[in-house]
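Below is one structure, written out as structure tokens; the observations come after it.
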Amino acid sequence: MSRRLSLPGGSPVTVTISPTRGKAAAAAGDGSSSSPARDSAAVVRGGAGGSLTSPAPRHSLGSSTTTTATLQVSPIRRSGGSRYLGASRDGVGVGDSVGSAAEFVHYTVHIPPTPERTANSSLEAPAAASGAAAAGAEEEEVRPQRSYISGTIFTGGLNQATRGHVLNTSADGAARSVAASANMSCKMRGCDMPAFLGNGKGGGRSPCDCGFMICRECYVDCVNATGNCPGCKEPYNVNGSDTDDYSDEDEADDVSSSEERDQLPLTSMAKRFSMVHSIKIPSSNGGAGGGGGKPAEFDHARWLFETKGTYGYGNALWPKDGHGGGGETGFAGAEEPPNFGTRCRRPLTRKTSVSQGILSPYRILIAIRLAALCLFLTWRIRHPNPDAIWLWALSVTCEVWFAFSWLLDSLPKLCPVTRAADLAVLSALFESPTARNPKGRSDLPGVDVFVSTADPEKEPPLVTANTVLSILAADYPVEKLACYVSDDGGALLTFEALAETASFARVWVPFCRKHGVEPRSPEAYFGGGGGGHGQKRDFLKGKVRVDFVRERRKVKREYDEFKVRVNSLPEAIRRRSDAYNAGEELRARRRQQEEAMAAAGGGPLHGGAVPEAEATVKATWMSDGSQWPGTWITAAPDHSRGDHAGIIQAMLAPPTSEPVLGESGELVDTTGVDTRLPMLVYVSREKRPGYDHNKKAGAMNALVRTSAVMSNGPFILNLDCDHYVHSSSALREGMCFMLDRGGDRVCYVQFPQRFEGIDPNDRYANHNLVFFDVAMRAMDGLQGPMYVGTGCIFRRTALYGFSPPRATEHHGWLGTRKIKKLLLKRKNTMGKKTDREHNNDTEMMLPPIEDDDGTGVLRQLDSSDIESSALLPRRFGASATFVASIPVAEYQGRLLQDTPGAAQAGRPPGALAVPREPLDAAAVAEAISVISCFYEEKTEWGRRVGWIYGSVTEDVVTGYRMHNRGWRSVYCATRGRDAFRGTAPINLTDRLHQVLRWATGSVEIFFSRNNALFASPRMKLLQRVAYFNVGMYPFTSVFLLVYCVLPAVSLFSGKFIVQSLNVTFLALLLIISVTLVLLALLEIRWSGITLHEWWRNEQFWVIGGTSAHPAAVLQGLLKVVAGVDISFTLTSKPGTGDDGEDDAFAELYEVRWSFLMVPPLTIMMVNAVAIAVATARTLYSEFPQWSKLLGGAFFSFWVLCHLYPFAKGLLGRRGRVPTIVFVWSGLISMTVSLLWVYISPPAGARERIGGGGFSFP
């Protein structure tokens, strides 16, 4: 009845089958001998259809290993879910094909390339048979066991051998996973008997080819009733001929239950061939026909339902010439059906501009205010004040700078946009069953998530644990997700806390998947942090499962115990280390005594003296009795914070490619829930004295290399240890922008930073909404937002320093002359068509590497010279494994071929639906080598590749370099639920130090080659303006300090910045003020922020401009001129303690002394004293000048209003202000006041001051 054909994937094949009816049928056939129970088949291979090759393996650039695709063709039943059949007949209907004169049915069989069946297979029968046997031996069921990698800690470094230490842990979790993955019970409803396995040649299979598990009793009932399998609705093969020849490879492609099969959506391709799936050609003898000899008929009703009642083209795969088997030339091949979905393909993202009713007035007001400023400054310059020329000169200088600064800030805001992602389209494109991906495996690219921490004292391990748990529970394919935690301190506390996190994740992650809880950080979920402090969330909203409350209570108890275990780790580590160190001391003393006795000849020691024990090093011990290779509690050589070996530990091994369903015996009933966990890796890079480790940027580059060797996800998500995943679909939304049309030019997707634990009034503008919702959205309409250090999804090849595939150069004074360039050069095929066809899908094209100096010198990097190129070791280091991973990451990050604009350079659908390569010890040993302290020597890491070194704000510089090469970025502000949430310092001192670090980095950028004035032509003009403003804004503080003191000086001296209040001056000042207010209202309208948030931002701009920004300018100048290095301490992260509501904002009221507080406090006191002095002088003056008093008092009061949050912060909760603050501020205020009185005394008092005599009145 059937014959096994071994054909390459992606080749159309014609199989001619004749239903044999004795001798007459044999005579009407093609002349081949056939028994009554067999059919004769003639195979004609079609044209060289497009073949598909999977991406190159991780450790090689090109892989020639292929898997033979085996197909079993039968006119009675479908072979499986991974192929489809088409039937046609020349002039005869399908239903009459058997009863007609011609006894042939022509099948057009298209074998699509799937991850299990690749191209370039041999067509020879012996090779096919041997390949099938080999496949049957290799495709055994993989049972999850405890991985050697996940149970081993790898260490190594400078002058050290890489070692793997096997940890002693329990394997109960692995045993439970094995039991859960068996799933060998009957799938019939109401029956839980053990499944019945047939006795075919393969042994141990279900009775049907589809793999539907059924017990013996249910099997007998189905055979006696209809003879059809409940899973695939096909007749059972009672004779066992098909079962004997059934391959393990086909079995892996079938759906295990009818419910799962019914839930799979029918694609357009499947609907066209649904008619053919229902055709049954009866046999006269019934031996090989339908079940029990019953001839099956064409299910016309089902076909009408699936095809929506349409006939004609599109319902079957017709031959190119339109005939089934007639003609002299015979059947030439199959025509690929037209892709009707391409025309109606919905985009993954949408970009909408701000309403013109808001944007047009906004732009007009900017123009009006700019004109008013020009007229105002012109009038001020032309009308000096001869009575106070120095006061006039200072004020005019400051006003010119403020106008310039406002222009730099306003120009990039002319084109704000709003973006939205469509997750339904993403799921339909990448996770739906297709011809190339019949099982519907996820075709999404892999994502590696980086979490960085450095000090467990300032960054509590429980905070990092919550971030890791939210990542592991994210709504993304488990096998495509990997989490790497960088511990730059090498602390055992962080290591063991991460091990506890991995243990608790086995309970927390299945609970989140089963009930769909949000947010998926346990502290935010159980503590109500998802709705903010003071806001109670209803955790029962939308929950319908009756077991939710019970299981939530159990998981909450487990989390409380988990918190107690993590909080007790420091004391447990100390006690354990003391016990082991005491034992080591006793053994050392006993050894010394034995050596002393041996030296004395075995006799007693003279005088009974016991030799003193040598001082032993206090080591830090792990729980299995071995010394911790990282930083010890008591610093020692090779075990201090800046001197320790590199450490890598896979806490959770890479998951299997197939889902592992849970069972009901666990703490949470996970029946039908995938219990797999993403890979979790602990990384601590090697540190040695004499090497510059480059702080956070160096740690991130170490993670880039480690992840490239171990998982090599084409996209990277960077998170701080206190920023957890607040929306489980955040990764999918980011992928929508990366995989949509034009996504190959997107270097990163930046998410806004949202914070928790902020006081309701947001005293110090911690939310920073004006920057994230106004400035960043405005930059999104240009070339993209800047990188802000966390919550960002990167394209790995963009981090490697490659240029985008296409770029636009902007020339001319205003960048109006645009030149589009295609930077992706294809490999030269010497004009041979066969070479082009052969390399169409297999070649790995990398973008060219271009110098950052803008000279236009392109150095092309093709796949043919990846290993031999001398540039790669100089750029990326000497690791061949890492170099080999570069083209793989580039290929996996490509767009789909059917994406508009990506037909030539895209990847075929289904190319990533392949199991990930297993992680072995060799890969981990290679990862140890790439995190060594000397790996980056003589390479371009930190200069062009990875995170850029040389600035405390490495995030802004890294994003600037990418934009300078022509890349674009995207700002993804999710709707409904924030993508990520973190913590911010609510204490005044911590907040000022944070702003100081940012401002110092901006000053460094201004005095470096990263200044936007030296940008390449690939950066847009307004994008340059935005980046130039980043480096310029700290210098505004110098003029702001002067301008805040000028009102007080005006009140003390009785002079004003103008000679008289002219009508023109007042009118222009009124226009400038009114337009500023209107612009603020329009910004509030199109950005969605509130007036209160806008005003808080204005207040803290003055606070930071008079405190942290001047100090940043001074430090930046010292670094540039004198070479004084700048060092900063980590910002302390608030813990997750269960404090009451009264102590929720305890840090807000803490006053910690800092010299940054002196300038703003001095300004406040000087202005307050000036208002009092000027008011008293005016009241007791014979000729009071109220206009000058009102003018000076108004500006002084305006300064005090901006500094009000600062003054309130100094008062604390009960007015406890450090005495030194009042002393310094009072002394400075008195000195300034007395100096001014001496320089400009009141009228008639100069003689008494200079007369030298002091007299009482």
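Positions of Cβ are set from backbone N, Cα and C atoms, glycine also.
The feature active site is assigned by TrEMBL to Asp488, Asp955. Annotation comment: TrEMBL describes Ser452, Lys458, Glu459, Asp488, Lys695 as UDP-alpha-D-glucose binding site. According to TrEMBL, the Mn(2+) binding site annotation covers Lys696, Asp720. Per TrEMBL, compositional bias 'Low complexity' is recorded for 24-45, 124-136. Among the features that TrEMBL reports, compositional bias 'Acidic residues' is placed at 242-257. The compositional bias 'Basic and acidic residues' annotation in TrEMBL covers 585-594. Annotated region 'Disordered' per TrEMBL: 1-88, 115-144, 240-262, 585-609, in sequence order. What TrEMBL records for 1026-1049, 1061-1082, 1153-1174, 1186-1207, 1219-1239 is transmembrane segment.
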_Candidates Asp488, Asp720, Asp955 (recorded positions) with Cα within 10 Å of Lys695 (UDP-alpha-D-glucose binding site)_ = Asp488
_Can you tell me which of the recorded positions Ser452, Lys458, Glu459, Asp488, Asp955 is spatially closest to Asp720 (Mn(2+) binding site)? Compare CA atoms only._
Ser452
*Within 10 Å of Asp488 (active site) (Cα-Cα), which of the recorded positions Lys458, Glu459, Asp955?*
none
*asked:* Test of understanding: give the count of other CB atoms lying within 10 angstroms of the CB of Lys458 (UDP-alpha-D-glucose binding site).
replied: 13
*Helix, strand and coil counts within the compositional bias 'Basic and acidic residues' (585-594) (DSSP)*: 10 helix, 0 strand, 0 coil
*Round to a whole number and give the Cα-to-Cα distance in Å for the pair Lys696 (Mn(2+) binding site) and Ser452 (UDP-alpha-D-glucose binding site).*
8
*CB neighbours of Asp955 (active site) within 10 A?*
24
*Out of the binding-site residues Ser452, Lys458, Glu459, give me the one sitting nearest to Asp955 (active site) by CA distance.*
Ser452
*List the same-chain residues at least 6 positions away in sequence whose Cβ sits under 8 Å from the Cβ of Ser452 (UDP-alpha-D-glucose binding site), in sequence order, or say none.*
Ser486, Asp488, Lys696, Ala699, Met700, Leu703, Asn718, Leu719, Asp720, Cys721
